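Novice: Provided herewith is a single structure, encoded as C-alpha cells, for subsequent inquiry.
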Amino acid sequence: MIFRLVQKDLTLFLRKPQQLMVILLMPFVLITILGNALGSLGESTQSSLKANVIIAQEGNEEAEAKKFSEEIANMPVPAEQKKAILQGTEKLKPIELLKRNVLGSDVVKSMITVKEMTVKEAKKERKNKKNTAVIIVPQNFSYEVLQHMLLNKKETPTLQVTYNEKKENAVKLVQDILTSYQKQLTLQSNLSKVVVKVPHEEGKVFGAVKAVHQEKPLSAIAYYTIAMSMMFVMYVASTMASYSYMDKEQHVYDRIIISNLSPYAYFGSIFCSTALIAFLQLSILFGLAALIYHVYWASIGLFFIVTLAISLAVGGMGVFLAVLNFISGSSSASAIFSSVVVSILALIGGSFVPTSQLPASLQNLSEFVPNGAGLMAYLQVVQGYSFSDIQTSVVVLLLYGLVFLMLSVFMFNRRKGEVAI
C-alpha cells in the first residue's frame, strides 16, 4: 500500500509542469546566469595578496640536534672530521631557520600571517578555508636534515604541507617562500664546507614537501550548481507537504484511514515520496551540469552518499510540514516555508554568496543548517576530499531527517484527534 501511495505522489508531481519548472528549470537557469557572470571563485579577483600560514612541530629541534651530535661523537671517524661535522650541526637549525629567518622576516611578515599551533590544532585548521597553507614539521625532521646534509644520507626529510588551492596566488607566494627556505639551507650547508646533496625541484623544501591535500580549483559554475541545487531541493519538501494537505481536503486521507491503513504508513509514504523526488531532482541537476558544464565529482560513491543524506533530510522536512498543515487546518506551513524560510536558509547556507563572505557568526551557523551542510559536503567531494572530511556534514543531514521525523510523530500523537477530522 505504501508503494501505491508513493506511486500516487510521483504521478501527481509529474502532472504538474509548474512544479517541474520550479525544481529543475529555475535552478538550472540560475546556475547558468550566476556561473557565467561570476567566472572563477579563485583568489584572482582579490585586490590584495595576503596569506595565512599555520605551522606546527611534532618534535623538539634541540633534542634532535643533541641526538645527532651524540651519534657523531660515537662514530669511528677522525677527530678533525667529527669537529667539522659538529660545527656544521651548530649552524644548521632547519626549523629555527624556517620560523625566524624565513617566515619571521620583515618582508614575509608584510605578506603572510603565521600562527604556531599544536599538531592537533593544525590538523583541524586544514579545513579552514581562510588558511593558505598548513605546515606540519614531523618528528625527527631536524635530525634527518642533519643526516642528509652533513652525512649525505639518501633518505630525504619531508615537510607535510596542506595547500588551499582556491587561494591560487597566495599558494604560489608560500611555495616561493619555501623555495627560498630550501636555498638558505643549501647556502648554510655550503658555508659549513660539507658536501651536500640538495634536490632542485621547484616547490620542494630540501628533501620534499608532502602535499597532504591540495584542493582542486573551484569554478563559479561548480559552486552555483551545488548552491542552487541545495536551495531548490528544499522546495520539494513544501510541495509534497502541500499535496498531502490536498489529500485531506479532498478526503483522500479519510478514505485511507477507513481502509485500515495506519496514519503512520500514510506519513511514511510522504517521507519516501519526498526523499525519492529530492534524490531524482539532485541527480538530474548534477547530471545536466556534468554534461553541459563539465562539473565532475572526484568520487561518485561519496556523491551518492551525500545525495542520499540530503534526500532523507528533505524527506523529514516534508513529513514535518505535512503534519503542521494537518494540525493547522491549512497549507500555511508549506507556504511560509517556501516563501520565507527557504530564502533565509539559502542566505545562511551559502546559496546566494559563498559563506566565506558572510559574518563569522553566520559562517559557523551555515555548516549546521540542512542546505549549508549539504553544500559543504558536496564542495568537499567535488574538490577531492575523503569520507572522513565529509562525515560531519553527512551526520548533520541524517540527524535532521531523524529529528524532523521524531517531531512529526510527537506532534501527530498530541493532536491526533484534530488531524483525523
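Each residue, glycine too, has its Cβ placed from N, Cα and C.
Taken from TrEMBL, the feature domain 'ABC transmembrane type-2' applies to 171-415. Residues or ranges marked as transmembrane segment by TrEMBL: 20-39, 221-243, 264-296, 302-327, 334-353, 390-412.
Quick one: how deep are these features, and who are their neighbours?
Specialist: For the transmembrane segment (221-243), same-chain residues at least 6 beyond its ends with a Cβ under 8 Å from one of its own Cβ atoms are 9, 12-13, 19, 22-23, 26-28, 30-31, 34-36, 38, 41, 270, 273-274, 277-278, 281-282, 285-286, 289, 293, 295, 310, 314-315, 317-319, 321-322, 324-325, 331, 333-335, 337-338, 342, 345-346, 349-352, 354, 370-372, 374-375, 378-379, 382.
Within the same chain, residues 227-228, 230-231, 234-235, 237-239, 241-242, 245, 317, 321, 325, 362, 365-366, 369-375 sit at least 6 positions outside the transmembrane segment (334-353) and bring their C-beta atoms closer than 8 Å to a C-beta of that stretch.
If one looks beyond the transmembrane segment (390-412) by at least 6 residues along the same chain, the residues whose Cβ comes under 8 Å of a Cβ in the stretch are 263-264, 267, 271, 302, 305-306, 309-310, 312-317, 319-320, 322-324, 326-327, 367-368, 370, 373-374, 376-377, 380-381, 419.
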